[in-house]
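This report refers to the structure that appears directly beneath it.
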Amino acid sequence: MQNKSAYGLVATAAILASASIALWNHTVGIVVYLIGYLALCAVAWIAALRRESGTPRRPWVLVAVAATLWFAGDVANTVSYLYESGVWRYLGHLFWLSGYPVIAAALLGMARRRAAGRMRGAVLDALTLTMAAAAAIWRFIVEPLFDPAYSVLENVIPALYPLGDVVLLAATLIIALSPGARGVPTRLLLALPMLYLTVDLSLNVVPAWLPDFDVARIGTPLIMFGVALIVAARLHTGHAELTRPNPAVSALHPARVVFLGLALMTAPALTVLEGGVSRERLIALIATAVCAGFVLARFTIAVREQEHAQAQLAYQAHHDPLTGLANRTVLDDRLTGTLTGGPVALLYCDLDGFKEVNDTHGHEAGDAVLTAIAARLSETVRGTDLVARLGGDEFVLLCPGLDATAATQLAERVLDQVARPVPFRGTGLTVGVSIGIASYGHDLPDSAATVLRAADAAMYQAKHRGRRRWVLNDHIGAAGTPAAA
């Protein structure tokens, strides 16, 4: 079974976290927690320093550094608790707070690689949501923490944690909104910052409602479990999705619009929640909210129109405008990708008698023939095959997994399909086709151009041998001598 190490780590961390919660008020619980966390840090470093092609080490080293800093903070806090030392308590805060920018840098590094230069949209959306969250956190969490009776450090240190959460939230949103796959590794990666945010906010909010509830008892082991999840993401066989460049995603997800709308409504909502809003001011706030909704709706419409235009341009860039078949760009890409493993067959088709149809009946008749032949070819091949028009009266059939025998059988069917008259203004237009077949087993060439040249050469052999036939350029055998139908 694949990913045993990743899921095994998650299961082990879950057991350790549960044991730590159950034994939190006992020495054995602290020992189990610290030993388990130390072992987790060791695994994080081993995974981060492991050399693997295509996997950058820097983001994972930063993850290991953050895990080590948080572990050091727990050790310092434990020493402070045992010896009632204020110095160790402040040292613990230093280690804990230092982990925020480090893990944020790791997430941003991964997002940069995933987006591959297309970060602006994700960054702007993330900053919009983060600023809205920061305003709420400042008003309801940070500001109430300040007390003139406390020292500067006693006021500043508790406030730094929510601010660190804001930094962590921004990094999390950027990687969540950046283009890329959303597989198991991505979900494991995002679990840590979300757990950290939940625990930190709970430490500040829950005591006001449940003063006797020990949030740290549950929250601290949960953070360790979150670290295990992010290390498991590195151990997962699909971890490359976290740093692999991905194609741009042009579609605007509805959830993004909803979240941006909530961000726009944050300031008016905070004003209302603070109370003391007069009737006139309330009307102004409602009008502002309604206008924001209209602006957001107009923004969504504009984006949808742009997406539609981009989709049309993308289609035109990859398809023949007359027949709707794939063009040479798509053929080259698909053929190059097919050359990673055989067998593969390519049929190069050139229509016979097409020039006479054009000269006798006009270009409109020629277009009708090309459109009809394109449809027939598409109906003849399998769903996994590709039919492309190279231009003029030349078509190509790319058939991955097709051996030489099956390729010649397909060529016979193509000959029959093309030979059928094409109805045009009460008459039937007849053309034929010369087919060159390039067939390869597992000994594939290095480039798509080589395959096309082989099929093209076989097609000209078919022309020279009387047209309306196929010629096989068989590269499976040693001789490689073209054979005619």
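Note: Cβ is positioned from N, Cα and C throughout, glycine not excepted.
TrEMBL annotations: computationally assigned, not manually curated.
Remember, it's a predicted structure, so these values are computed and weren't measured experimentally.
As written in TrEMBL, here are the features:
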TRANSMEM  7-24  transmembrane segment
TRANSMEM  30-48  transmembrane segment
TRANSMEM  60-83  transmembrane segment
TRANSMEM  89-110  transmembrane segment
TRANSMEM  122-141  transmembrane segment
TRANSMEM  161-181  transmembrane segment
TRANSMEM  188-210  transmembrane segment
TRANSMEM  216-236  transmembrane segment
TRANSMEM  257-276  transmembrane segment
TRANSMEM  282-301  transmembrane segment
DOMAIN    342-475  domain 'GGDEF'
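In this model, the domain 'GGDEF' (342-475) carries an average pLDDT of 90. Each residue in the domain 'GGDEF' (342-475) gets a DSSP state, and the totals come to 59 helix, 42 strand, 33 coil.
Non-local neighbours of the transmembrane segment (7-24) in the same chain are 30, 32-33, 36, 40, 43, 188, 214, 217-218, 220-222, 224-225, 227-229, 231-232, 235; each lies 6+ residues outside the stretch with a CB under 8 Å from one of its CB atoms. Using a cut-off of 8 Å between Cβ atoms, the transmembrane segment (89-110) and the transmembrane segment (161-181) share at least three residue pairs, counting only pairs 6 or more apart in sequence.
The list of residues near the transmembrane segment (60-83) in space but at least 6 beyond its ends in sequence, with Cβ under 8 angstroms from a Cβ of it, reads 30, 33-34, 37-38, 40-41, 44-45, 47-49, 89, 91-96, 98-99, 102-103, 105-106, 109, 220, 223, 227, 230-231, 234. The stretches the transmembrane segment (216-236) and the transmembrane segment (30-48) are in mutual contact, each linked to the other by at least three Cβ pairs under 8 Å (pairs 6 or more apart in sequence). Long-range Cβ contacts of the transmembrane segment (161-181) within its own chain (Cβ-Cβ under 8 Å, at least 6 residues beyond either end) map to 96-97, 100-101, 103-105, 107-108, 110-111, 114-115, 118-119, 121-123, 125-127, 129-130, 133-134, 137-138, 141-142, 189-190, 193-194, 196-197, 200-201, 203-204, 238, 241-242, 244, 246-249, 256.
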